[in-house]
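One structure below.
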Amino acid sequence: MANPLFRKHIVSINDISRNELELIVKTAAKLKKQPQPELLKNKVIASCFFEASTRTRLSFETAIQRLGGTVIGFDNASNTSLAKKGETLADSISVISSYVDAFVMRHPQEGAARLASEFSNVPVINGGDGSNQHPTQTLLDLFSIYETQGCLDNLNIALVGDLKYGRTVHSLAQALAKFSGCKFYFIAPDALAMPEYICDELDEHNVSYACYNSIEEVVPEIDVLYMTRVQKERFDETEYQHMKAGFILSASSLKHAKDNLKVLHPLPRVDEIAVDVDKTPYAYYFQQAENGVYAREALLALVLNATIEG
């Protein structure tokens, strides 16, 4: 069967079909179980981070090297021709893409990855463009859910914290809307509620969702608890303390959880997950971060049409 992801730009999670999502997730599972260190032998991948990153950049570069590829690029745009000499982003993309087989980029400007895809000679993978999209985070989230739940259909998923500005929860909701029977529980302050356009998309897909005031009231029903931080910089101190108070997870909050419940978080956390949760069987956020390597290995291998064993 032809590989539908070969040479495909990965700019938005909406660019990826359900079948393609399943292919990536199952390929990630294969690569986690059976390392294949020569999949990207003789391939050169650009890792161009115009904005600071820790987990995304390091996991991409780890994925490339574990598959036998070579990384070129930068983690700070301040010394590039773009910054020093006024070169346009389009020209930078055109030149860099002529050196490589695939192009991973993060940029603070919304829409930068889409622009890059119009000028690149090779597949562009969006490592985050402002508050817009972060599709590879969603891929590792889906892989972590699949790994712990055994499926991506008929799941009850709670999304907690900053649902207004958090690009990870937007993309995850959009991705899971492609699957059957999922139900969402939105838990957020009114000022940080899920945007209307996401709710409209869920309505279009006949996806069930409802809003709640606390984590404890939904814990007995859910399979996945996806935590995010309330961003302190968006509020004054008094308002922030009030906002975050009702959206902190502790071990005692999980006393009525189902056995299969897993707690996820895109990281970094601040204090929205108490450290006593780390030792519970429900905590999965550090394994989730590790899964970023396997999800990105799978994506790179597929867009470059590598022959995957197993």
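Cβ coordinates come from backbone N, Cα and C, glycine included.
Here the structure is a predicted model, which means the values were calculated and not measured.
Taken from Swiss-Prot, the feature carbamoyl phosphate binding site covers ARG55, THR56, ARG106, HIS134, GLN137, LEU267, PRO268, and the record attributes it to sequence analysis. Around PRO268 (carbamoyl phosphate binding site), taking its Cβ as the centre, 9 other Cβ atoms fall within 10 Å, counting all chains.
As annotated by Swiss-Prot, L-aspartate binding site applies to LYS85, ARG167, ARG229, with the evidence given as sequence analysis. Secondary structure at ARG229 (L-aspartate binding site), taken from DSSP and collapsed to helix, strand or coil, is coil. Summarising the environment of ARG229 (L-aspartate binding site), the number of other Cβ atoms within 10 Å of its Cβ, over all protein chains shown, is 20.
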Rank aside, I only need the closest one: which of the binding-site residues LYS85, ARG167, ARG229 has its C-alpha nearest to that of LEU267 (carbamoyl phosphate binding site)?
ARG229
DSSP three-state assignment (helix, strand or coil) for LYS85 (L-aspartate binding site):
coil
Tell me whether THR56 (carbamoyl phosphate binding site) sits in a helix, a strand or coil according to DSSP.
helix
Find the shortest Cα-Cα separation between ARG106 (carbamoyl phosphate binding site) and the binding-site residues LYS85, ARG167, ARG229, and name the residue that gives it.
ARG167
How many Å lie between the Cα of ARG55 (carbamoyl phosphate binding site) and the Cα of ARG229 (L-aspartate binding site)?
16
